[in-house]
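Structure first, commentary second.
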Amino acid sequence: MQKAFRNVLVIAIIGVIIFGVFSYINGNGNTPKQLSYSQFVEKLDKGDLKTLEIQPEQNVYLVSGKTKNDEDYSSTILYNNEKDLQKITNEAKSQKGLDFKVKEEEKQSVFVSMLTTLIPVLIIAFLFIFFLSQAQGGGGGGRMMNFGKSKAKMYDNQKRRVRFSDVAGADEEKQELIEIVDFLKDNKKFKQMGSRIPKGVLLVGPPGTGKTLLARAVAGEAGAPFFSISGSDFVEMFVGVGASRVRDLFENAKKNAPCIIFIDEIDAVGRQRGAGVGGGHDEREQTLNQLLVEMDGFGENEGIIMIAATNRPDILDPALLRPGRFDRQIQVGRPDVKGREAILHVHSKNKPLDETVDLKAISQRTPGFSGADLENLLNEASLIAAREGKNKIDMRDIEEATDRVIAGPAKKSRVISDKERNIVAHHEAGHTVIGMVLDEAEVVHKVTIVPRGQAGGYAMMLPKQDRFLMTEPELLDKICGLLGGRVSEDINFHEVSTGASNDFERATQIARSMVTEYGMSKKLGPLQFSSSGGGQVFLGKDMQGEPNYSGQIAYEIDKEVQRIIKEQYERCKQILLDHEKELKLIAKTLLTEETLVAEQIRSLFYDGVLPEVDYDAARVVKDEDSDYSEGKYGKSYDDIREEQLEEGKEDMREDRKEDNDMNRERRHRQRDDRDNQTGHDQLRDGSNGDNDQHRGHSNNEEDTGHEQSPNIDKPYNPNDPNNPSNR
């Protein structure tokens, strides 16, 4: 944009200079004094004029010359004023000291006439093209007309090369992408096996989980060209531009094959066609159609691998997700506790941390945080430390940053009455006591009555470990914990406030999900009741969200939700009445301390004593021999490849062992059969036929009396040692 503005400014300055020179040449550089007709006649009559020149021009006579004081002057005489013109001419001729001339009308040159006509047209055309190119995002200069050119940027792997070891908390996702790296490095072994590498890989996951970073790591490991573009860069105000940019993108990719094309937020262009409001957008549909053809159409895109990222796979067009286009979908989820610790090490490598900082403990306190959330957490902690003039980031800074990220900045200057503080303290104490009693699912980490964001206070409840499933008792405990604040207000003040609205919203949502989604209602049974539209209106889906159950079922669902909430309300009330002493003690302590951490809460609840927490006394022993100290935060390409080769070798060893065991067993059976056959022949040679048959039966109970057992109604088994064809 700045370059385009400079170009326009230079052109404008050049135009002004040319116009000024042209005006100077035509006007000889002098600006004469303009006289009215009466002033001119008066000076002529007085004899004040030294020279006089009359020249016809268009509809007037131009009068110019010099006065006796050597001042330039000019005036005009209208064409229809012939009488005055004749009078002025006679008067000028009669004056002896006056140099009088009459010139013929000068015809304007063709060049000047064309220039005068074309300059406004050229200026308007230039401004039109410039603003049009700006609307298209093409910039100025030589890119003005490049509407259909791709906006993809080619990433240079040599400047900021990202490796698999730089990506933390996504080891399984890297294992899924390892074949892409191998194919870009050397595709001979895949061709020998007749394999077809996936043409496209769709990275699906919540925002901030590292989908773009994984794509860059694939390009960095393979050393291949990496084209990066956003899905919104294809669709513009003109129809056909998006399809043209798709064609140009693949043409550039073919010139640099093998390479990677990465489309971020592909749902902007890959939304399902003709669905919902805005679904029938012609430009987007044309762009998507061109993308589908380029990925898997009549043309061959050998060596081009598409990687796309989205957090809304449900709205993508089915044609985009079929095999041959995006063959593989990789779920990039939020990291577990080990992944969060590795990510914290990645983002803390350029930050001075105090000895009190325990990144493992922080990872345990941040369940559900994505990589972007953890980076923001440490950045907030560094800003807090810098604001307070510290040289290092300590654990208190990280605790404060965690509270800011979860609940917002503290509103310590907010004026709150004593009554409101008392209500908030008992409200949060109710949550805390329920959390201490029902700690199967979650435990209390911190409780505060300092206002943050929209909340007057909050209790931080953390799960004991990362959870992927929740049982019915755990969900009921969660509802009970959410109701603890309102029940505590009711018990202590016999009146309720508006502070529990968010608690009710969350509790009701959990109860409704238990009934309609999880099948946890004994009355309605293990059924799922959902709307046909998926429960939400989105521009890529139909807006109709009609329920697929009757009004009577809807009434029963509401009754079941009410029953669950009422039962947990009464259960919560009984728990708080049984622990009323602890409830009042925690509320009283909150009014004086304002914030309590887990260690203090446990001591108050079990011992009735408030301990002092010394953050500076904690020292974390760091393992200098760990991979983090060597700058390795995740499994590298070599580590993953070595693990896969080792797994392959282990499978081969197990298969070989199985084959050896089977061969050994077959040889044993064959030897036993030969021994039995030899004994049978000896007995038959030394006795008559009847005795032979009798003795044969005594040696082999399964012998039928035939030299070869008949193979009647028995399927052929190649491993059967009793089958003569296998001997």
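Note that Cβ sites are derived from N, Cα and C of the backbone, with glycine treated the same way.
When Asp327, Asp336, Asp354, Asp503 are compared with the Zn(2+) site residues His427, His431 in Swiss-Prot, the one appearing in that site is Asp503. Distance noted between the C-alpha atoms of Lys211 (ATP binding site) and His431 (Zn(2+) binding site) is 37 Å. If you average pLDDT over the topological domain 'Cytoplasmic' (1-6) in this model, you get 57. With all protein chains in the displayed structure included, the most crowded Cβ environment within 10 Å among the binding-site residues Gly208, Gly210 is that of Gly210. Ranking the binding-site residues Gly205, Pro206 by other CB atoms within 10 A of the CB puts Pro206 at the bottom. Within the same chain, the residues at least 6 positions away from Asp503 (Zn(2+) binding site) whose Cβ sits under 8 Å from its Cβ are Leu482, Leu483, Gly485, Arg486, listed in sequence order. Broken down by DSSP into helix, strand and coil, the compositional bias 'Basic and acidic residues' (645-684) contains 40 helix, 0 strand, 0 coil. Take the binding-site residues Pro207, Lys211, Thr212, His427, His431: by the count of other Cβ atoms within 10 Å of each Cβ, the lowest one is Pro207. Residue density at Thr209 (ATP binding site): 26 other Cβ atoms are found within 10 A of its Cβ, drawing on all protein chains shown.
Cβ-based neighbour count (10 Å, all protein chains) for Glu428 (active site) stands at 26.
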